[in-house]
Each structure stands twice: as structure tokens, then as C-alpha cells.
Amino acid sequence: MTDRSTFVEETEDMTSSGEAHYRERSPLLLSTAKSSSYMGYNDHESASSTATASDILLLVTRKGAASSKNVGVNLAKTAAGTGILALPFACQQGGLILFVFGTIIIALWNVFSLSRLCDCLTLLLQLGESPHSKISQRSPPPAGTATLGKIAYYALGDAGLIVLDIMLLLLLSGIVIAYEAAILSFSKGTPFTTHNNLIDALILAILLVPLCLVEDMSSLSKLSRFGLIILGMTMLVTAGYGVTGYGQRNLDSNKETPFQWLPSDGLAGVSHWFGCVVFGFGIVPLTFNFRESMSQPEYLPNTAMISMLLVASAYILLGIGFLNLYPDIQDDVLSELPVGWLATLARLAMIVVVMATAPLLVVPCAEIVEGKIHDDGQVHPTSQLLARSAISFITVAISFTLPGFVSVLAFVGCFSVALVSFCVPPFLHWILLRQMFELNHQQSLDNNCLSQQHHLTYPVRMMMVDAVALLVGVAATGVSTLITCDNLIHSGERKGMANRM
């Protein structure tokens, strides 16, 4: 996840509950498109006229006016962000083989998860049309619940909605902490640092709180749109220093090449590569933002496939290219720049962009908390002030104790981004597919219709695919999170000792 313009403009739809506070890029237009049967399923019961069936139908038929080309560009813009600064480090940690082929696999994994979430809508429609399914018997979720939250609610009930809110709260707060760590890291190379980490963190929190309390976030959103331009200029400045040989100043003369084929530090290197690259994509939580903005939503998976493969190719070129310029890199590429007016301008520009982006993530975090405290849908100024201020100070306090930006970014990518991107989609799809399987199996038994039994073998295979994807996602998330967490703890202890000296 990054500070991308699409992300910050539509972040409110990532929270599974709460009122929308930003406008969609494209209006959501309703259509009367007739749904087709899914995987050979045919529900011969009449379509339900309940509020639940109507709500599910609305989810499936929502679409906007954006073309596939525009959505593909927005997908790429969403992926590209501050995570690019960590790509050379990811290449160094993972080695060339893993960095090249693994980055492509991560891109395809994101597309697979996105496709699974889109398929969940079709499964919901089929289940909602049957009066015998569990879903059709549920009452609609709370007003303002976003599409991803509705899927979790219909699949798992109130518990699913609560768990998803917790996951998204961890995701958003983790990204905020990573951004705040980036600001503290970038400021060290500027004249505006106090050279005291605690004071710098306190100043950051004091500056951040008023930005989080602004009623109209459109100004901050517009500023964040320049993020890609500023990021591109920053990379050009960094490349310029590298081309002049600045990055080679500490290169070991006995070292023929900065590249290595295999991970530099075993599982630790693999985990750091995984976290950095996963953070650099992060499109899955925004699946339905993109889908509901498209004039032809059924083309989203194919559009995402092309877009993510192009992004992966760009990431590979950037990672290898900048590692060649800065072979001894240990953090983000900005940390490799010297202290000078051009480098200072680059750092300050990135600080401004990240400062404008962080409040756009703090606000939905606070809304999740406020929604659990007040369920009347009304705005409570006191609660709003306390929630946003508390989240700002708590996240800054956490970022202050953590090591460099890239270490935090890698942990967030391994934990919260991977959890929502690679574990939630196959799990929700498996739950809904299982309910569909049970419903059709029971109907075939009740009707003594043995001819329908052959339809049941295909969903079983699909459920097995979901189970394997879920197990791989949980294993990758769990192992990499433990390793990067251990690195954070030890690096944080060393940083704490340095701060006390």
C-alpha cells in the first residue's frame, strides 16, 4: 500500500462500515443486467423479493462510467507509491532470481485474490436468490456498509463484519505508522531536524493532529495527487547522484558485482523481499472501488492482470537499476543521498506528500473506532477529536520506537497487507462456495435428481484451490511476519540504546 491518489480518494470504502466522506471518481450507476448462472449452478426457486436479495443485487449491478483503460491506469497509480523507495533493498535482500520471478508471482497473486473477491459477488447473488440459503435469511447489514464488509457479513454474520473491521484497522494504522516512520527518516537529512528523535516525533504528532481534524479533506487529497510526480522527480534526483558515482563510494573493491542470485540472509532476506514487494502492490482491499467505477465490471480481472504485470516489470527494472547505483543500500534510496540542497529538496517534497496522505488514512481508522462507540450514524465532534488525536499520537509513538522506514514497511507488508490481500479473499470465496455446494447438494437429494451430481465435483475442486491458496497465504503471512517482527524488535532495541546515549 502507498500514498497513491486513488487509494486516498476512496479509502472510506475500505472500512466495512461508516459513512462515505469522499466522492467516487465515477458515479455509481444502477443497471438491470441479468445475472447468469455460476459454474453450472441453477436455482429453480423464484428470485427473492426480500431486502437482502435487493441489497445483494445492487452490489452485483453497480457500475460507473470509467473505461477499462482508465481503470488500468488507476490500478497502476494505486500500486506505485512510496514503496518504490524500498525496491533496491528488496532486490538486495531477495536476490535476483527471487526478485524477478517472485515479483511477477506477487503481481499475479494480487490478481487472483481480486478475481476471487469479484466471484464472491456472483456467489452471493445465487445464494440470495434461494429462499433456502442462510444468506437469504439474514437481514441486510447496517447502512453505509461497504461492499467488502457486506460480503464478510453475508458470509459470516456480525462476527465477519467485526473481524474485517479489525483487519482493516490494522492495515490502515500500519500504513500510517510506516508513513510516519518515513517522515522521521526523511527529516534526518534536512536542516529541520532537531537531532533528537523524541522531539522530532512530538513535533510530527502536533503537526499531524490539526490536519486530521480538517472537515474538508479535498485539499489534502488534491495535494496527494502530486505524489507520483514528486516521487518521480525524487527518483530522478536519486538516480543522478547514483550515476555520478555517489552510491559507489563505499563499495568493496573486491566485490565484482552488487548483485547476487540468492537471498542475502536466508529466510530473513526472503521475508524482507516479500514485505517490501507486497506493500508495493496492495490493490486487493480496493477491488470494489475499481469494480464499481467501471462501465464493464466483468473486465476488471483482465484489466488488473495487464496493469499489474506492467507494474511488476517496472518494479523489476527500478529495483535492479537502483541497486546497481547503490550496491550497499540498507534502507530506502533517500537515505543514501548526501546532505545538500538538491537532496534536501527531494526529502522535503516527499515529507510534504506523505504528511498530506497520512490524515487521509487516519480518518477512516478513527471512523472505525467511532462507529463502534456510536451506532447512531451521527457525527460526534468530541469523539471525533479524541479518536483522531489518539490515533495520531499513538501511531507516532509507535513509529518513534521503530527502526528505519524500510523495516517498518516490510513488516506492514508481511502482516496487514498480506493478511487482507492473500488470506481474506480465498477464505470468503471458500465459505460462500461451500454454502453453495451444500445448498445444491441438498436440493439434488430432495429432488432425487442424480443428473445434478456431476455439477458438484467442480465446486469441490474450486474449494480445494481456495483451501490451498488460503494455506499458502497464511503460511507466507505468518512466517514472514514472525521474522520481520523479530527484526523490528532487535532493531528497535538497538535504536532505543542509541537514543539513550
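Each Cβ is built from the backbone N, Cα and C atoms, and glycine gets one as well.
Sequence annotations record features per position, and here TrEMBL assigns domain 'Amino acid transporter transmembrane' to 67-436.
The feature transmembrane segment is assigned by TrEMBL to 94-112 (among others).
Residues annotated as transmembrane segment in TrEMBL: 159-186 (among others).
According to TrEMBL, the transmembrane segment annotation covers 198-214 (among others). Note on the transmembrane segment (198-214): residues 180, 183-184, 187, 220, 355-356, 358-359, 362-363, 366, 384-385, 388-389, 391-393, 396-397, 399-400, 499 of its chain, located 6 or more positions outside it, place their CB under 8 angstroms from a CB of the stretch.
Residues of the same chain lying 6 or more positions beyond the ends of the transmembrane segment (226-247) and with a Cβ under 8 Å from any Cβ of it are 3-5, 77, 80-82, 84-85, 318, 321-322, 325-329, 333-334, 336-338, 342-343, 345-346, 349-350, 352-353, 357. Sequence annotations record features per position, and here TrEMBL assigns transmembrane segment to 226-247 (among others).
Residues 1-2, 6-7, 10, 13-14, 75, 78-81, 83-84, 86-87, 89-91, 93-95, 98-99, 102-103, 106-107, 110, 113-114, 117-118, 146-148, 168, 171, 178, 300, 304, 308, 311, 315, 406-407, 409-414, 417-418, 420-422, 424-425, 476, 479-480, 483-484, 487 of the same chain, all 6+ positions outside the transmembrane segment (267-288), place their C-beta atoms under 8 angstroms from a C-beta of that stretch. Per TrEMBL, the feature transmembrane segment maps to 267-288 (among others).
According to TrEMBL, the transmembrane segment annotation covers 300-325 (among others).
According to TrEMBL, the feature transmembrane segment maps to 345-364 (among others).
The transmembrane segment annotation in TrEMBL covers 385-402 (among others). Long-range Cβ contacts of the transmembrane segment (385-402) within its own chain (Cβ-Cβ under 8 Å, at least 6 residues beyond either end) map to 173, 176-178, 180-181, 184, 197-198, 201-202, 204-205, 208-209, 212-213, 362-363, 365-366, 369-370, 373, 408, 488, 491-492, 495-496.
Annotated transmembrane segment per TrEMBL: 408-433 (among others), in sequence order.
Here TrEMBL flags 463-483 (among others) as transmembrane segment.
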Quiz item: Sequence-remote contacts (6 or more beyond its ends) of the transmembrane segment (408-433), Cβ cut-off under 8 Å?
Solution: 1, 82-83, 86, 109-110, 112-114, 116-117, 119-120, 123-124, 127, 151-152, 155-156, 164, 167-168, 170-171, 174-175, 177-178, 181-182, 271-272, 274-282, 284-285, 399, 402, 459, 462-463, 466-467, 469-470, 472-474, 476-477, 480-481, 483-485, 487-488
Quiz item: Which stretch from 159-186, 300-325, 463-483 shares the most C-beta pairs under 8 Å with the transmembrane segment (94-112)?
Solution: 300-325
